[in-house]
Structures are given as structure tokens and as C-alpha cells.
Amino acid sequence: MAIFNHLPSSVLQCLAIFLSIIIEALPFILLGAILSGFIEVYLTPDIVQKYLPKNKIGRILFGTFVGFIFPSCECGIVPIVNRFLEKKVPSYTAIPFLATAPIINPIVLFATFSAFGNSWRFVFLRLFGAIIVAISLGILLGFIVDEHIIKESAKPCHFHDYSHKKAYQKIFYALAHAVDELFDTGRYLIFGSFVAASMQIYVPTRILTSIGHNPLTAILIMMLLAFILSLCSEADAFIGTSLLATFGVAPVVAFLLIGPMVDIKNLMMMKNAFKTKFILQFVGTSSLIIIIYCLIVGVMQ
């Protein structure tokens, strides 16, 4: 098109990077949205309650790893966890699920594998980091602090009961939820891709390099970026890989870990469902563990 001939080369480069990120991430967003829709309809708190172990440690581990079997996008995880808590699933089981389900599920792990050039390195770093955070939160809630974390006057989180619907109705609701999920997460992907592309083209390399030289500063910057961008976990690896050359391994791992656990949209939903004291404990504990973990990753490179 003739209009592109009049655009500066920097704009064209930015558009090329922007579109490449979108095209790479879109299939995973679509697959994740469809899966999220079926999880919303078919996975009930009663099913989770049925298979809970009897002891606390077992329940903490169950909450940590069940996300691999019953994955859920972080965009809809808070209402699901709130429903679990209302059904008397212990907080030390539900909150580890909140932390790991958007990260350890097969779609996100495969997206991470694909985004980083078919490398298992970031898959394992992301997986182990999420497990460490989840188990730590479970121990905190199970043995140290008051486990009652739901607001007494919490507003409903729009978790619908589909158990009495007919089979075709369940499929319809699952697909309808998938469409909503796709449009909801798509806007964050577009915004995140634009920011990542713009940073690579318009932010002077010397500034980014100076930030990247200080490991702690780089980790904090990437955590803040993940919080602001509020990307879906199926897509954040594609943003992370575009910033790898600038910031390095440890800050990108921090970006991949904190985003699905603590971002703007999640915080707003948590504020609606959970006590402020718990939210501060969750954010503080998660952030501190991720910082320490990523500093260790940086030293071990």
C-alpha cells in the first residue's frame, strides 16, 4: 500500500515487530481461551473437593500441581478460586492453585517452549519458580497465618453453575465463554505487543543496557512491566523473548512468573473477593520469593 511508503522506517520496524509477536501468540491465545471455556463449565469445586488429600501437606501439593491437569487462564482464575473457597476448599489448597494454574498448564508451557526457540530452559525455570512460590504460599496459609481470607461482604464473582444444563447447552456456554475470554485477553496482548515493540525501537539502547546491567533493578523493572501490561499467560512468553537480549535471563523469568500471579486485572478481582490483609501478604510473599529466585538464577547463569 502506498501509505506505507511515506512512513518512517522506525514505524515500519515497530509494526513488523508488533505483528510478529501477535501472529506468534494468537494460536496459543485461541487454544487457551477454548480450554478456559470448557474448564469454566465442566470443572466444579465439588470435583476438586472429592479428590482432596486428608493432610495439609498433601492438600498444599494437590493445589500446587492440579493446575497441570485442570489448567486455567489467570484472566478467570480469581472467580474460580473464590468459588472453591466458598465450597470450603481450604485456602492453603486454593491459593497455590491460583499461583500455579496459569503457569504450569500444558498450553502455557508449550507456548513458553515455542516462544524461546524450542528451548526447555525457560520452561523449567518458569515451572520451578511457580512451584516454589505456590508451596511457600500454601505453607504460609496452612501453618502460619489465618487461613480465612474471603471478604465477609464479597460481591459475587460471576461463577455460574452449569451442572444442571444439557450437554449441548454446556458446549454452547463453554464456547461463549471462550469467545469472551479471547476478546478480553486479546486487548491485553495487543497493548503488550505494542509496548514491547516500541521499547525495542524507540527507547535508546544505552538506557536499556544500563538498566540490564544491575540485576536487581532489571528484575524489578520487568516485574513492574508485567504488572502493568497484564498479559495472558499464553502470550507473555512471546513478549518476554523479545526483551531477552536487552534484559537477560533472570529479569525475563521474573516477568514470566509475576505476571500471571499479580497484575492489574487480577488485583482488581482479588480486591473484590479477598481481604486486603491477605492481598498484601500474597503480593508481598510472591514478589519477594520471585526476586530471590531470579537473583539466584542470575548468579547461576
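Backbone N, Cα and C atoms are what each Cβ position is placed from, and that goes for glycine too.
Quick look at what Swiss-Prot lists:
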- 15-35: transmembrane segment (TRANSMEM)
- 60-80: transmembrane segment (TRANSMEM)
- 97-117: transmembrane segment (TRANSMEM)
- 124-144: transmembrane segment (TRANSMEM)
- 188-208: transmembrane segment (TRANSMEM)
- 211-231: transmembrane segment (TRANSMEM)
- 238-258: transmembrane segment (TRANSMEM)
- 278-298: transmembrane segment (TRANSMEM)
Distal contacts, the transmembrane segment (238-258) - CB-CB under 8 A, six or more residues away: 17, 21, 24-25, 103, 111-112, 115-117, 122, 125-126, 129-130, 133, 192-193, 196-197, 199-200, 205, 208-209, 211-212, 215, 218-219, 221-223, 225-227, 229, 231, 286-287, 290-291, 293-295, 297-298, 301
Closest-packing stretch to the transmembrane segment (15-35), where packing means Cβ pairs under 8 Å, from 97-117, 124-144, 188-208, 211-231: 188-208
Cβ contacts under 8 Å made by the transmembrane segment (124-144) with residues that lie 6+ beyond its boundaries: 56-57, 59-61, 63-65, 90-93, 95-97, 99-100, 103-104, 109, 112, 249, 253, 256-257, 261, 281-282, 285-286, 289-290, 293-294, 297
Distal contacts, the transmembrane segment (211-231) - CB-CB under 8 A, six or more residues away: 188-189, 191-192, 195, 239, 243, 246-248, 250-252, 254-256, 258-259, 262-266, 287, 290-291, 294-295, 298
